[in-house]
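Peer 1: Sequence annotations record features per position, and here Swiss-Prot assigns Zn(2+) binding site to Asp414, His416 based on similarity to another entry. Positions annotated as domain 'Fibronectin type-III 2' by Swiss-Prot, on the basis of sequence analysis: 129-227. According to Swiss-Prot, the feature domain 'Fibronectin type-III 4' maps to 332-433, an assignment based on sequence analysis. As annotated by Swiss-Prot, topological domain 'Extracellular' applies to 24-438. The topological domain 'Cytoplasmic' feature in Swiss-Prot is assigned to 460-831; the stated evidence is sequence analysis.
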Amino acid sequence: MKQDLISSVQIILFLPLTTVGLAGQSFPGKPKIIRCRSLEKETFSCWWKPGSDGGLPTNYTLFYSKDSEEEIYECPDYRTSGPNSCYFNKNHTSPWTTFNITVTATNEIGSNSSDPQYVDVTSIVQPGSPVNLTLETKRSANIMYLWAKWSPPLLADASSNHLYHYELRIKPEEKEEWETISVGVQTQCKINRLNAGMRYVVQVRCTLDPGEWSEWSSERHILIPSGQSPPEKPTIIKCRSPEKETFTCWWKPGLDGGHPTNYTLLYSKEGEEQVYECPDYRTAGPNSCYFDKKHTSFWTIYNITVRATNEMGSNSSDPHYVDVTYIVQPDPPVNVTLELKKPINRKPYLVLTWSPPPLADVRSGWLTLEYELRLKPEEGEEWETIFVGQQTQYKMFSLNPGKKYIIQIHCKPDHHGSWSEWSSENYIQIPNDFRVKDMIVWIVLGVLSSLICLIMSWTMVLKGYRMITFMLPPVPGPKIKGIDTHLLETGKSEELLSALGCHGLPPTSDCEELLIEYLEVEDSEDQQLMPSHDNGHPSKNAKITRKETDSDSGRGSCDSPSLLSEKCRETCALPPVLQTQEVRDVQEKKAAKRSWETQYVASERKALLSNSESAKSSTWPAVQLPNSQPPMFAYHSIVDAHKITLNTTNTNVAAVLVEDEEEHQSQCSLTETIPGEMEKQGEMENLHSKTEQTTAQVKQNRSNERLPFLDAALMDYVEVHKVIRQDEEPAVLLKHKENSGKIEKYTISGASKEYTKVSTVMDHNILVLMPDSRVPHTPASQEPAKETSQSLQQGQVEKNMSYCLTAPSDCKRETGGSEYMDPSSFMPSFK
């Protein structure tokens with residue numbers, strides 16, 4: 001909390017200074033102490049380099065303290081040593097004492113101090129350069145030598161006991177290496193072994209012990225004469241035309257050989273043999289020749305030489321070839337002006353204007369010039385160069401307010417030639433953009449902003465958690481009733497689905513599914529139709545138990561023992577080729593299905609014993625598989641039976657081939673059987689008595705008398721096999737179930753009736769069948785032959801069709817002329 005408050009206060013204090021900096025005004029830059037120097041160990045001076053002034057007038061003050069004192073003193077003299085300096089006279093100079101010196105720059109906004117400089121007068125002694133250096137050649141015993149003389153520095157007191165040590169250096173004028181000679185405390189020196197006829201350069205310097213060497217004195221030149229000799233060869237330095245109309249050439253003389261020497265410039269033009277002399281030796285100065293318009297020719301090459309002549313002889317320079325077109329170098333531009341423009345609602349900018357050189361004829365187009373300018377801040381060292389082109393005016397927008405700039409311009413011809421010299425330096429001060437009112441506005445805005453920041457930071461410290469919760473509310477959890485968020489976080493999807501009431505898929509059946517295309521109903525002599533005493537409605541006393549059918553709709557009929565046993569017999573009649581196609585797969589399932597069939601036979605026998613006491617009806621025993629649903633009357637509702645039939649038409653039936661009839665009858669598996677109840681048969685008899693029609697019920701045969709086509713022990717159960725639609729009229733096929741080891745078909749005797757037509761569908765899922773008097777009775781001896789023939793023919797047709805589709809005409813042959821199909825002729829058996 002305390003640190004936040006301190007940082008906020010600092011922001012408030014520094015914000016006005018930052019605002020002023022944005023306005024172009026700031027506290028001054030830090031100055032830098034360049035050097036401190038003592039000329040004679042009695043006085044010394046210090047110089048500094050100012051920093052930026054921050055756009056405001058700045059004062060510089062030098063403060064110093066001595067190592068043995070705590071008091072701070074100010075510079076005693078700011079004038080003697082020049083600007084930006086401080087002079088310490090004898091009264092303020094203490095030898096063997098260390099001075100701690102700093103320079104402080106101050107303006108209206110603030111101040112800034114330099115780094116401290118520690119000074120000991122003994123170690124900063126550097127005397128001035130010797131003065132009055134003179135050179136003279138003398139001859140002694142026909143030997144020529146050089147005599148040099150000088151004086152001590154001007155500030156040296158003659159009455160002082162300081163001794164200066166001197167040093168002299170000399171070199172030939174044309175060479176770069178110096179020869180240094182230590183002189184000692186004397187102020188004169190004799191130099192021998194000099195080459196006659198050579199020009200020499202001489203300098204001298206001094207020092208105090210201890211201390212540093214002074215600067216070298218100014219150069220002095222002298223020619224060592226060599227008696228009587230011709231002059232040396234002169235050198236042509238350059239030729240230049242300022243306006244492409246006239247030109248001038250300059251040369252450098254050689255040694256004169258000890259005699260007065262005259263210099264003559266001679267030239268000739270290309271294509272001419274005549275030699276001309278320089279027309280003007282005065283206009284361009286000494287050692288030069290000026291060619292006016294009369295003597296200047298364009299697109300002509302000049303061959304120029306300079307000849308030096310004295311009493312002993314002459315010497316000529318190397319030839320110099322000149323084409324006026326390529327030696328054009330104009331004079332610098334003139335009348336350079338700088339003007340600061342201050343438009344309304346815009347930033348100020350600088351306008352530079354200049355004029356071409358006076359000698360250049362740019363109006364007539366004889367000479368076209370291109371311009372280039374350079375500028376830099378007064379304190380800067382690097383120049384910024386801008387190419388302007390042929391215009392004589394330029395606007396500059398990106399100048400820093402409060403700075404002082406130096407600007408120069410030069411020019412050159414547009415095609416051939418070289419750049420002129422830079423014009424003289426021009427200075428301009430860029431004022432600050434912001435006025436006092438603007439500064440006040442920015443200061444007020446800065447203070448208000450700092451207060452707002454302080455309030456926000458204080459609020460964040462006090463109510464940080466509440467504000468974070470308000471700005472970033474937590475993500476709400478799921479609000480679905482019954483969902484456990486812990487289950488979602490742990491990723492237990494199964495437990496989550498069970499909590500929502502979503503159950504998994506039902507388990508698959510252990511046996512192969514068999515889907516039947518048609519239903520067949522067979523009736524015998526002892527099967528009696530139960531009369532109904534109700535108008536399409538079941539008895540109110542009847543207790544109906546519903547059974548949720550399988551999603552496959554028809555498995556109860558498909559997997560019935562009577563159907564499967566007959567399928568086994570029909571499949572055995574197929575050719576041997578068909579019987580061996582899937583034998584390998586079927587044999588692998590034999591062991592498992594035999595054990596399952598044994599359980600079914602035991603349950604069936606138990607059901608036969610329980611149903612033997614009833615004389616009116618029989619029901620189906622149900623083989624309860626795991627996860628099976630409670631039983632219900634599946635065939636009391638023709639609507640439900642019809643739905644089951646429609647669902648089975650879209651399912652593929654797997655065909656299984658077997659080896660022989662005995663194995664197929666024993667290994668056919670059952671999936672589901674639909675049980676009936678004894679109480680329903682009584683209610684169906686009442687329904688039959690009212691409507692005078694028959695229903696699909698079968699009466700149990702109590703006696704051991706064998707029917708012409710079935711065993712008495714196998715007549716306990718009747719099931720609806722399939723509901724089909726033929727010619728837009730519903731029909732029902734019923735199938736009896738056999739448990740005998742062998743399936744045989746017999747026709748019904750003349751005394752029995754066969755119900756083959758559906759009269760109507762009553763309410764409450766009642767199916768009404770009508771007897772058909774047109775059905776002929778086929779002798780029992782002919783049925784096996786037809787069945788075998790039909791099985792062979794059907795096997796060839798359904799070899800590659802998986803036993804899913806069968807022609808209705810073939811079914812009529814199996815049922816003795818009725819209009820219902822017997823699926824036992826085309827459905828495969830199961831292993």
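Cβ coordinates come from backbone N, Cα and C, glycine included.
Just tell me what is around each of these and how deep it sits.
Peer 2: In this view, Asp414 (Zn(2+) binding site) is surrounded by 12 other Cβ atoms within 10 Å of its Cβ, with every protein chain counted.
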Peer 1: When you measure from the Cβ of His416 (Zn(2+) binding site), how many other Cβ atoms are you left with inside 10 Å?
Peer 2: 12
Peer 1: Across the topological domain 'Extracellular' (24-438), what does the mean pLDDT come to, as a whole number?
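Peer 2: Averaged over the topological domain 'Extracellular' (24-438), the predicted model reaches a pLDDT of 87.
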Peer 1: Tally the residues of the domain 'Fibronectin type-III 2' (129-227) by DSSP class, grouping H, G and I as helix, E and B as strand, and everything else as coil.
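Peer 2: Helix, strand, coil within the domain 'Fibronectin type-III 2' (129-227): 0 helix, 53 strand, 46 coil.
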